[in-house]
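Step one of this worksheet: look at the structure below.
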Amino acid sequence: MSITSDEVNFLVYRYLQESGFSHSAFTFGIESHISQSNINGTLVPPSALISILQKGLQYVEAEISINKDGTVFDSRPIESLSLIVAVIPDVVQMRQQAFGEKLTQQQASAAATEASAMAKAATMTPAAISQQNPPKNREATVNGEENGAHEINNHSKPMEIDGDVEIPPNKATVLRGHESEVFICAWNPVSDLLASGSGDSTARIWNLNENSNGGSTQLVLRHCIREGGHDVPSNKDVTSLDWNSDGTLLAMGSYDGFARIWTENGNLASTLGQHKGPIFALKWNKKGNYVLSAGVDKTTIIWDAHTGEAKQQFPFHSAPALDVDWQNNMTFASCSTDMCIHVCRLGCDHPVKTFQGHTNEVNAIKWDPSGMLLASCSDDMTLKIWSMKQDACVHDLQAHSKEIYTIKWSPTGPATSNPNSSIMLASASFDSTVRLWDVEQGVCTHTLMKHQEPVYSVAFSPDGKYLASGSFDKYVHIWNTQSGSLVHSYQGTGGIFEVCWNARGDKVGASASDGSVCVLDL
């Protein structure tokens, strides 16, 4: 038997990721140097830690039920143990001794009961015996109710979804091919190509165009690193991806510290390597000439998309950078676990603005479509709205009861293709709710409450009339943004990490923890 600390750490790290503890997984991964291990994550199946724990538990259960000579205890059911009980010292000996004593008592009691029954039966008539032993079927209790009619249900009640809103199976396409959890997915902005990124160290481009011969085809983008003068497969997670505005190039960030740019046909165009650790976020600017990345090395980098050259590295955060977003083609904002938000501009050697006010890690930031307001969300359970015109936040929105994981602006209002509709902001939280906000008034207009687990992703339809949400409860919900009502619902086969709409607004893509990618035809 061989067990190394690297192997144990990797299984714990994967368990934290699969269970939705993204920040804990990140911290643990850094402290245990997961990125420096030689473990090939593509060979490790989902739920590996749980599986090996279950096997160990079954071994202890079987051990309790076996005599020292190897024979099984007579009339002994296999013990059902909890994990904590199983690790108690001497639990095997304690349970075996307790069962032996219980068995002796049961045998003595059975002998006494049998003797008493025989003596009693000798003095009873056949009719009396019949009354003493009524038929077993549908036994009646003293109040006339049937036994079992009101059994106690110790399981949580499953969520009930109205059948009218359930998306039928023929409207859902499940795409399989990834060998590990799929963290991210994104539609090409001009065609029905869906990109997905996974813990199996690959990204895939799925062709769902109507003319793709009736089925979906996939391109597998395998990440390689240079070792000893040769390209060898990387075994690190794909953490982020983003299409450029004309849909010709796909940029991806990885846990191996490299960003890569691929063509829509699956050809590697360039590899961007200057980060000293995993990349957590990356975005194209609108013009399509620069790619922006954020990493665990506390820096953000602007890359020339055509040459692959790092134009400028911004070392202003004091802890890992978690998210970035462009304000315009030259200026961007970044957030970090250091609780700060920096606004930086290409060519400037210091932040042009720094926003402080959050009291915990800042998970996500998003500029509104006009570039005037910046929204941020944090583990401090608040959502804040900032303006370049002032240092203090414009709104400090407090309603969620747990960490807020992500936020999205609606594609409505000024500077959008829907200028006559008012702008909204959506927030998704670990408290299992999604909230819609009127940013001008600073109030919550709707609280969407059908999910039962943390909500990891929200996305507005292109017209802003609908909002998709994805949760670790395996459900994708589609909501009406004006009424807050649930209009469509789909239960997948794994926890949902990401949801996204195609450009026409008639399909929703979702990526899941079991390695599946589903496409909902609305």
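Note that Cβ sites are derived from N, Cα and C of the backbone, with glycine treated the same way.
Annotated domain 'LisH' per Swiss-Prot: 4-36, in sequence order. Per Swiss-Prot, domain 'F-box-like' is recorded for 41-86. Among the features that Swiss-Prot reports, N-acetylserine is placed at Ser2. Look at Swiss-Prot and you will find Lys102 tagged as N6-acetyllysine. According to Swiss-Prot, the phosphoserine annotation covers Ser130. The repeat 'WD 1' feature in Swiss-Prot is assigned to 177-216. Annotation comment: Swiss-Prot describes 233-272 as repeat 'WD 2'. Taken from Swiss-Prot, the feature repeat 'WD 3' applies to 274-313. Marked as repeat 'WD 4' by Swiss-Prot: 316-354. Taken from Swiss-Prot, the feature repeat 'WD 6' applies to 399-447. Here Swiss-Prot flags 450-489 as repeat 'WD 7'.
Every protein chain shown contributes to the tally, and the Cβ of Ser2 (N-acetylserine) ends up with 4 other Cβ atoms within 10 Å. Sequence-distant contacts of the domain 'LisH' (4-36) (same chain, at least 6 residues past either end, Cβ-Cβ under 8 Å): 44, 46-50, 52, 181, 199, 236-237, 255-257, 277-278, 280, 296, 320, 337, 361, 379, 405, 430, 453-454, 456, 472, 495, 513.
If one looks beyond the repeat 'WD 3' (274-313) by at least 6 residues along the same chain, the residues whose Cβ comes under 8 Å of a Cβ in the stretch are 26, 29-30, 35, 236, 239-246, 249, 251-259, 261, 319-326, 328-330, 332, 334, 336, 344, 346-347. With a cut-off of 8 Å between Cβ atoms, the residues of this chain six or more beyond the repeat 'WD 1' (177-216) that come close are 14, 17-18, 41-42, 44-46, 222-223, 233-243, 245-247, 250, 252, 254, 262, 264, 266, 494, 497-498, 500-503, 507, 509-517, 519. For the domain 'F-box-like' (41-86), the model's average pLDDT works out to 71.
Broken down with DSSP, the repeat 'WD 6' (399-447) shows 0 helix, 21 strand, 28 coil.
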